[in-house]
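Trainee: Copying in the features that TrEMBL gives for the protein in this structure:
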type: TRANSMEM; residues: B:30-52; note: transmembrane segment
type: TRANSMEM; residues: B:58-78; note: transmembrane segment
type: TRANSMEM; residues: B:85-106; note: transmembrane segment
type: TRANSMEM; residues: B:118-141; note: transmembrane segment
type: TRANSMEM; residues: B:148-167; note: transmembrane segment
type: TRANSMEM; residues: B:187-209; note: transmembrane segment
type: TRANSMEM; residues: B:230-250; note: transmembrane segment
type: TRANSMEM; residues: B:274-297; note: transmembrane segment
type: TRANSMEM; residues: B:363-387; note: transmembrane segment
type: TRANSMEM; residues: B:399-423; note: transmembrane segment
Amino acid sequence: MQTNGTTPLVEMRNISIAFGGIKAVDGVSVDLRPGEVVGLLGHNGAGKSTLIKILSGAYKPDAGEIYVNGEHADIATPRDAKRYGIETIYQTLALADNIDAAGNIFLGREVLTPYGTLDDATMEAETRKVMARLNPHFRRFKEPVKALSGGQRQSVAIARAIYFNARVLIMDEPTAALGPAETQQVADLVLQLKKEGIGIFLISHDIHDVFGLADRVSVMKNGKLVGSANVQDVTQDEVLGMIILGKCPPGATPGPGAS
Amino acid sequence: MTAPAASTAPPPTAASGSFLSKLEIDARMLGMLAALAAIWIGFDLLSGGVFLTPRNLWNLSVQTASVAIMATGMVLVIVTRNIDLSVGAILGVVGMIIGVAQVQWLPAYLGLEHPLTAPLAVVLAMVIGGSIGLFQGWLIAYMSIPSFIVTLGGLLVWRGAAWWVTTGQTVAPMDTRFKAFGGGVEGALGATTTWVIAAVACGLIIIALGLSRRRRMRFGFPVRPGWADAVIAAVACGIVLAAATIANAYPLPAGTARRWAEANGLVWPEGGLFIPHGVALPVLIAILVGLVMTFIATRRRFGRYVFAIGGNPEAAELSGINTRWTLMKVFGLMGLLCGISACISTARLNAATNAAGTLDELYVIASAVIGGTSLAGGVGTIAGAMLGALVMQSLQSGMVLLGVDTPLQNIVVGAVLVLAVWVDSLYRRRIK
């Protein structure tokens, strides 16, 4: 794997996990540096989301290690991951539909008053601030997120991920449910966060999406890493070949899954 | 009313439009109140004016207390997409144990009618109920056994255990002070206390509304128009004072009043004395439980987690919530409330029988559901469930008053439950 001097923000080494005998992720290693966008590509069922759920603490790997800033990190729960500054925007958004935007953004990290009660006013005020940045037209602060449009729900999920000063952001199919204008908004946001030095794992099955935003791509097939490459060194067709055939082109570093 | 309200529409964030949305009152809740009013007026007409008398309403409030208390816990259970079928059986076994404790165990150490007997019995009830609930919650949350199965098993186990305590014998009578929990003459708090409680309640309502308003204004959030807050305060205080008036309009029966007068050193006049009951202790407990549970459900982190788990269990887990522990606590709380209800129903009966609480699980679940708790999870209010309990009890008491046969009563209650849920689902579909 290429290195350019800086310590990786996150490094996942030889990660494996099996569900009922099927190896969903098998010996995969990926890394991410500050201000870098790494695209994780692969078919549905290639193991991208599973890999990323290990990083976000939703699953515990059977084997392999995770390093954050070069130090071994023990991530067993989503809370651990958040402590390391790893925030995730899940494909399903993972919002509690019956709760309003502020409740969702602060879910699990509520602001409390000195009396130990929920400080809804402060949480709403903070939500208004962060939403003003992400989605200035957002007005429905008091309604359960069930009542919001797809784009609005997406911005609530993004707000939750960036509000707590994330250093690593995982975006699982962030634009799958969005229209063209909203997709552009997400792209702008990715570039802005990148400038702030946040590392981003971008998971997608749409290579056009990824080529526009990512610095590097890692391709997975059947749970294994086919290879990783800088986007300048490979063509979209070559990456497509990696995704479909598992064939690693000369511009890429092959992984264990390359045929 | 709508037209002038719309023309003065303040910032776009405030709900524009109707009178009701300005008051931010749930239309669903209003529908329930309307249904309750219809039931009350209907029964009053059918019974020739017997239903809406202070006496009947007072009894109704006492009869509702036990199920209403358990319904507040059932709301949280159902909100997390679970169910508890064992509440009646838990009530039964706890009632049996505290009955025996008062009649046999505690007197052995303290002597009969010791002032500590009643408090100890209540604490014991809450501890046993809470422990049973926590144990079932542990099986559900950590052993991943479906709550339906655990509590169905619990229904049989605890009902059996209730029988086991005395091999089926009824235990009676209860400690005199303990009997206050059941209402009746011992549990009637009297006129002065009732007025004091009502005044304090009104004061708290006004203070709470004022504080919430000031807080929102400090953050520059949209607030209800001033008149809307005033209307809410007036209506809420009006209800409190009306309830106090009714409770104080129901006098003690002549014989009891006479004994009370003599005990208090009063001369018994020729025409008798009008000594009001005042609010009953079990009703006061139920109201306090409702307030505490509402506070827990809406103002505490625990309540937020309960609703998040109900809305999307996976999202709750991914946000780092300890969903298992939260779930276990929900069932623990449910058990604790069963313990409180066990005190009330045992005291009211002045006996511990192993049939106490039979079918209560169904009334409790029905109350929660009639009160707007969605079986799909994530939705429900404590106040709604308590109102649901009142609706159910009103139906039953009303039919008893009319002399309707028990089988027919069950048929009506069952049909109303199904009808209520159907109407509710229509309403929800329409607002979606």
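Glycine residues also receive a Cβ, built from the backbone N, Cα and C atoms like all the rest.
Quantities reported herein were computed from a predicted structural model and do not represent experimental measurements.
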Trainee: Excluding the flanking five residues on each side, which residues at least 6 beyond the ends of the transmembrane segment (B:58-78) place their CB within less than 8 Å of a CB in that stretch?
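Mentor: Contacts with the transmembrane segment (B:58-78): 84, 87, 91, 147, 182-184, 187, 246-247, 250, 277, 279-280, 282-283, 285-286, 289-290, 293, 297, 303, 306, 330-331, 333-334, 336-338, 340-341, 344-345, 348, 360, 363-365, 367-369, 371, 373-375, 377, 380-382, 384-386, 388-390, 392-394, 397.
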Trainee: Ranking B:30-52, B:187-209, B:230-250, B:274-297, B:363-387 by the number of C-beta pairs under 8 Å to the transmembrane segment (B:85-106), which range is first?
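Mentor: It is B:363-387 that shares the most Cβ pairs under 8 Å with the transmembrane segment (B:85-106).
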Trainee: Same-chain Cβ contacts of the transmembrane segment (B:363-387) under 8 Å, 6 or more residues past its ends?
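Mentor: Non-local partners: 26, 28-29, 32-33, 36, 67-68, 70-72, 74-76, 78-81, 83-85, 87-88, 286, 290, 293-294, 297, 307, 310-312, 413, 416-417, 420-421, 424, 428.
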Trainee: Is the transmembrane segment (B:148-167) close to the transmembrane segment (B:187-209), in the sense of at least 3 CB pairs under 8 angstroms with a sequence gap of 6 or more?
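Mentor: No, the transmembrane segment (B:187-209) and the transmembrane segment (B:148-167) are not in contact.
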Trainee: Using a Cβ distance cut-off of under 8 Å, indicate which of B:148-167, B:274-297, B:399-423 has the most pairs with the transmembrane segment (B:30-52).
Mentor: B:399-423
